[in-house]
């Protein structure tokens with residue numbers, strides 16, 4: 001008996017180190033869970049960086065653009081060019097990504113050069129037109145009014161995302177869009193004059209219409225970018241984001257430069273620099289940093305489209321809404337009357353409504369992802385017990 005017990009103990013000890021299929025599956029699932037958490041943290045870190053780029057780039061670029069007009073600048077086409085011409089700062093990264101991409105091509109389905117070129121040309125023409133309309137609005141409207149009208153861009157993006165990208169319009173999002181629309185509509189009745197430049201009623205209406213048109217153009221642009229990433233480009237890499245910014249900006253810059261020479265505004269640029277109130281150096285530095293900050297905004301905006309959606313990218317752009325009017329009051333002494341305050345409150349309310357909907361979507365997505373992971377450990381046990389019974 002004692003010998004049999006010793007044999008049983010030895011056999012049991014020999015069996016203990018042997019891992020079962022269930023242990024292997026649980027270890028694999030555990031490593032996959034850690035990997036998914038790590039990827040989630042990295043993703044949201046990128047989202048945070050892109051968000052900072054959008055808010056800071058948009059705010060600084062808008063203030064610099066108005067500073068150009070306030071101190072003697074008058075060229076709408078030049079103001080358009082500097083919004084687009086800063087893309088060469090991205091060329092070093094672009095060349096590096098091209099070298100690494102040529103050695104590691106994975107997909108058998110590479111987008112044809114013709115389709116890719118068509119995407120960049122269409123988006124470039126659209127962004128060039130939208131930037132020109134934005135420059136007209138910046139010339140005739142106070143910065144605080146302009147930024148509040150630009151909040152309507154979120155409503156346009158939601159509409160075009162619904163048509164092009166199957167974006168769901170929940171009651172909360174519809175409430176957000178309604179508030180943003182009312183917020184912009186109120187400013188149509190705000191006949192305000194800038195302190196440094198007297199603006200007629202006709203010029204104010206022209207600036208208002210052009211700003212709304214620019215908001216609609218940018219809303220369509222963001223939705224088309226998301227559609228291009230999903231249907232045409234089909235490659236989930238950050239280098240694709242940089243490529244889109246560079247080629248799209250190249251097309252738009254060429255169109256803007258043609259407009260600058262066709263309108264004969266280039267003839268007045270030398271005298272404009274001579275008579276600039278802050279001096280020649282400040283004139284050049286204003287244009288340079290305006291170009292750089294708009295590219296920072298473009299990187300953040302396109303990156304958010306790549307990581308999440310065009311509607312979320314636009315919502316983050318609207319998050320910087322209170323920043324520009326406050327800076328405009330401090331720097332340019334814009335008047336913050338009651339109508340503007342009401343418009344700002346409605347715009348912030350609309351933005352918060354949209355963020356709440358995003359929170360609900362993320363919560364539901366996490367719950368749906370947790371259901372299969374909690375059920376999966378039971379399956380190996382059931383299979384193991386059925387095999388033992390056999």
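Note that Cβ sites are derived from N, Cα and C of the backbone, with glycine treated the same way.
Residues or ranges marked as region 'Disordered' by Swiss-Prot: 12-34 (among others).
The region 'Disordered' annotation in Swiss-Prot covers 367-390 (among others).
Using a Cβ-Cβ cut-off under 8 Å and counting only residues 6 or more beyond its ends in the same chain, the transmembrane segment (44-64) has close neighbours at 83, 138, 143, 146-147, 286, 289-290, 293-301, 303-304, 307-308, 313, 316-317, 319-320, 323-324, 327-328, 331. Here Swiss-Prot flags 44-64 (among others) as transmembrane segment, drawing on sequence analysis.
Sequence-distant contacts of the transmembrane segment (78-98), counting only residues of its own chain at least 6 positions beyond either end whose CB sits under 8 Å from a CB of the stretch, comprise 61, 65, 68-69, 127-128, 131-132, 134-135, 138-139, 237-239, 242-243, 245-246, 249-250, 252-253, 256-257, 259-260, 265, 269, 287, 290-292, 294-295, 298-299. If you look up Swiss-Prot, you'll see 78-98 (among others) marked as transmembrane segment.
According to Swiss-Prot, the transmembrane segment annotation covers 118-138 (among others).
If you look up Swiss-Prot, you'll see 140-160 (among others) marked as transmembrane segment.
Here Swiss-Prot flags 169-189 (among others) as transmembrane segment.
Below 8 angstroms of C-beta separation, residues 122-123, 126-127, 129-131, 133-134, 136-137, 139-141, 146, 149-150, 152-157, 159-161, 163-165, 184, 187-188, 191-192, 301, 305, 310-311, 313-314 of the same chain, each at least six residues beyond the ends of the transmembrane segment (204-224), sit close to that stretch. Residues annotated as transmembrane segment in Swiss-Prot: 204-224 (among others).
The annotation transmembrane segment is assigned in Swiss-Prot to 241-261 (among others) on the grounds of sequence analysis. Tertiary proximity for the transmembrane segment (241-261) is limited to same-chain residues at least six positions away from its ends with a CB under 8 Å from its CB atoms, namely 75, 77-78, 80-81, 84-87, 90-91, 93-94, 97, 119-121, 123-125, 127-128, 131-132, 225, 228, 233, 295, 298-299, 302-303, 306.
Annotation comment: Swiss-Prot describes 287-307 (among others) as transmembrane segment, evidence class sequence analysis. Long-range contacts of the transmembrane segment (287-307) within the same chain, counting only residues at least 6 positions beyond its ends with a Cβ under 8 Å from a Cβ of the stretch, are 43, 46-47, 49-58, 60-61, 64-65, 68, 78, 82-87, 89-90, 222, 225-226, 229, 236, 238, 240-242, 244-245, 249, 313, 316-317.
If you look up Swiss-Prot, you'll see 312-332 (among others) marked as transmembrane segment.
Among the features that Swiss-Prot reports, transmembrane segment is placed at 336-356 (among others).
Across the candidate stretches 169-189, 312-332, 336-356, the maximum count of CB pairs under 8 A to the transmembrane segment (140-160) is reached by 312-332.
For the transmembrane segment (169-189), same-chain residues at least 6 beyond its ends with a Cβ under 8 Å from one of its own Cβ atoms are 145, 148-149, 151-152, 154-155, 158-159, 162, 208, 212, 215, 318, 339-340, 342-344, 346-347, 349-351, 353-354, 356-357, 360.
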